């Protein structure tokens, strides 16, 4: 801003001189003083003049207090539930636990560790019968979620004394990942090391199995243990309790109503950097093309234009996009519940002290909430069914919904088969239970938030500084009930065609930094394994290695193992990859076509086929290994292939081979960017 004001001062001087020629010398002095004054002003005040990005503004009536202890004392709470959440599930579990507390004559609050001074945890014993619960998700390669990164760093460095602090941890993770529940395990262990008292065992939630059931089973044993510890009894209040009250607006100015913005009102019309999860950039789609040549799937390549956004990224980073729900489902929910979706509403927290004033940006319409803010396509969790059961007027239906929300083995089995295995979303449940007609405002209060979706960036910023590439497969499948379920984000992206009739399709997005990085030394060889859309980050890596070569840098061997079903159908980026091989940017392009012959051939088979070359690169030449794609089968099979190569060519036992690969991981020479 300082620079700007100086420029404008200089820019106007010729006009002044023309008009006021007789006073030239005076003017000279005046101009000199003006410039000097501006310089001094700029030097002294430049720090202060930088505008604070508007979306950081807090509610007018509050400057947020960072002391959760003071807040608990003020509001009479004795249980605090912290959450480390990347996709909203840990936050949802945390809300459920804080709501549970009242059934045991206690009062709970859910809290984001990012918003509070966590060193205050040592003051918790000041509150009688107090307890800290941690719902901690693990993200990526055993990493903390974005909102618990500072807490994690502080725990690692800190030497706090937590004597007298009582706690328990529920961890959320996925067994197919190498570092299963690493964050939850770490918090559980570290709090004990610092003197805190664990009053109930660490809960382990596995999203590869049934995370909801893991949580419900843990919670069901946890609360009796809390009651026993504090000598309290359940109040028996099983009733549904509303957290928010509905306010219908009849004469609100349209400019005051949210229409899909994530943070600041009107932030999509009036974009201001820096861009992040609370303030996404609306990136125009400049390219959207189908990658596969035949077959029944739709694989696509999109390019998002980030010119003028000041957005920077590195190869290996993720791009997060905020999708919107299918209008067909939204309209159908309105129809089934007999509601005017364009009613303008606010849902206001009944607990006025809560940091969370609304479950989603308000005021807004039901249509906007169901389209932009709420997850209406995933099967609802048992707590939603528990709260909705009361609205089923037909006794048998009500009984079944209550049963599915209960913790009885029969109820769990029914929930598993009727909701999860049948992939019933909230609309399917309402359609199949004709007497279940909840008030739409209660439904909107209960549904979880629609989350951003992450994609590995398929480009290098050295080659494409103003463009971010996405490679994705459109998700669409038939469920056991005969309905067709469509992936929210991929179907929405598929429809984003760059049009030039005055209206450009755009995507709200931001960048999430990743640890998936090319070696610091360009001379290090790289081995990349990425079948299917797992090729995405490697397109960026290969582009970057090509760019480094063009700069005259010495570049080590660049080896790719890629896999697809059929050479003539879904060999993604075939022309580009073959060109990279021809020009020597790719030292070796190994492609497994799994279905082009009688027996299946996958990337791990090709790795073992070229085991001598692989072992030389890894063991002698200091190669970095990168795996991207499916965590459940591919990443595990590839890891086993590396174990076998180390056993065979390194003369190691299985245990030594496992240890050898683990050491590569610790050194940052074996990285994974996988999903399940």
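Placement of Cβ uses the backbone N, Cα and C atoms for every residue, glycine included.
Which of 23-44, 45-66 counts as transmembrane segment depends on TrEMBL, and there it is 23-44. For residue 473 (FAD binding site), the binding-site residues whose C-alpha atoms fall inside a 10 Å radius of its own C-alpha are 297, out of 85, 137, 174, 180, 297, 604.
Nearest to residue 602 (NADP(+) binding site) in space, judged by Cα atoms and limited to the binding-site residues 85, 137, 140, 177, 487, is 177. For residue 177 (FMN binding site), the nearest of the binding-site residues 453, 594, 600, 675 in terms of C-alpha separation is 675. DSSP assignment over the domain 'Flavodoxin-like' (79-223) gives 65 helix, 35 strand, 45 coil.
A gap of 34 Å separates the Cα atoms of residue 88 (FMN binding site) and residue 604 (NADP(+) binding site). Look at the binding-site residues 137, 471, 473, 489 and count other Cβ atoms within 10 Å of each Cβ; 473 has the fewest.
In this structure the residues listed as binding FAD are 453, 454, 455, 456, 471, 472, 473, 477, 487, 488, 489, 490, 675; their two most distant Cα atoms lie 23 Å apart.
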